[in-house]
């Protein structure tokens, strides 16, 4: 749910509602002071006030009394709310429209609600409420609502402040008595209405069509900001012919969407500088304009079209405290470790090989021409026939597999292997669920028997003859779905989702051996020169535009980022696309290097 900046009663930061604070003492029936009193107290208020004037000493006392009641846990039933407010209505009654409210958009992202309040109070009149909408990450959406004391101020705001230039951005102001304009704005950006009073509006990232997500003409950072609802609607156009005026600029770019304003940058003599800005009704129209017109010729000059700097939030990935972890002094950079994706191998990971017994160097070897029947599945795995699985230290013998895999192996392998970081996310339960009732029964209770006859018959439909499987298991345990492609129609698709290993499973010599032995299909990329405060969640979000991300990881050392990471996709095509369109882009001012991870 999107939070919002808001006008708060001084000292009410510890109130009950985390989203909205009353613009007056809760429960007071009216906010209008006597004109003489308001006139007397006007000079006492500065721009540092919290957006609400205290009308008189009595109201201040009542406010303190109400705050005291809050601290003891009692709550007022009639709390002020900008979208369902009626001064004279009681709790539980239906609220009417508020005709004193306006919706403001195209606000600079760095603008605070206090500045908006002071501006409106100076240019228009007394302000009783200000709220700037934010996205799920607490960043400004560039729009909000302002409520005035009287309805006449709304008309004045529309006359004097609409198209008012604020830090280079023309404000768009509309009447919004029912909150409809605010509701539409939040729906367009994929947010939810402040206060939770408008249900079923959805949240999270904005769903974009593939024509945008896969468009090579649109920078990835523009797409990610559009998805997150943080993108403005103004574009910057350069290399214009000097005879192009704002009317021609508007005429051309109206093909891409509804143009609200077009401007040509001029020098001190009033002559065109060959550049300008175009503001659209919606951010997605601005993105479409980039796709349609960047590089196109206007009067024999190719236009350079991009998002205006004020439409893109800056320092997207800066940490809240502004501190960026650095490499040790004197160290110019770091190379790749010996683990997968360049991750260093720790001493604890070196012991993983012992847990898996003979499974390590051979890497699910299948040394023979194939499986050759289920009772010969061991071979290079180290099973030694299923009765010889004692060699796998973590299992402790086939006789215990009925206990270990109770419920058709629904337990995760984290417990079975004895390590939290070598687990299978969902166990083998879902994976083998469709392989036949005998398979389930065998693994649930009778797999400890010395022969696999009943099990073999039960899985004949799913695994049948595996003689065609030679040369290992495809991509290794972290993507066993690809390995089972040729094992029969019943298992490939099932294992794709179920036997996806957790982070760190194949790090260490066992993983290195298996990956080296059985190879990779190129689903994973390695990313260098990442900001040190970038999290794996941000990394995943950044690369999600290239395809479905199965796994993302930031390489860490002593709890600090090493400035590199890996991203694994569901297909080699997505990985190649990521290398193609993401290599060289900047994240927090750092140009990242993206390439296929050959160590995966």
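Positions of Cβ are set from backbone N, Cα and C atoms, glycine also.
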Listed as phosphoserine by Swiss-Prot, one of 431, 465, 481: 431
From 40, 53, 139, 560, the one Swiss-Prot labels SUMO2 cross-link: 53
Residue carrying phosphothreonine as stated in Swiss-Prot, selected out of 13, 72: 13
Residue distribution over DSSP helix, strand and coil in the domain 'RRM 1' (100-178): 21 helix, 30 strand, 28 coil
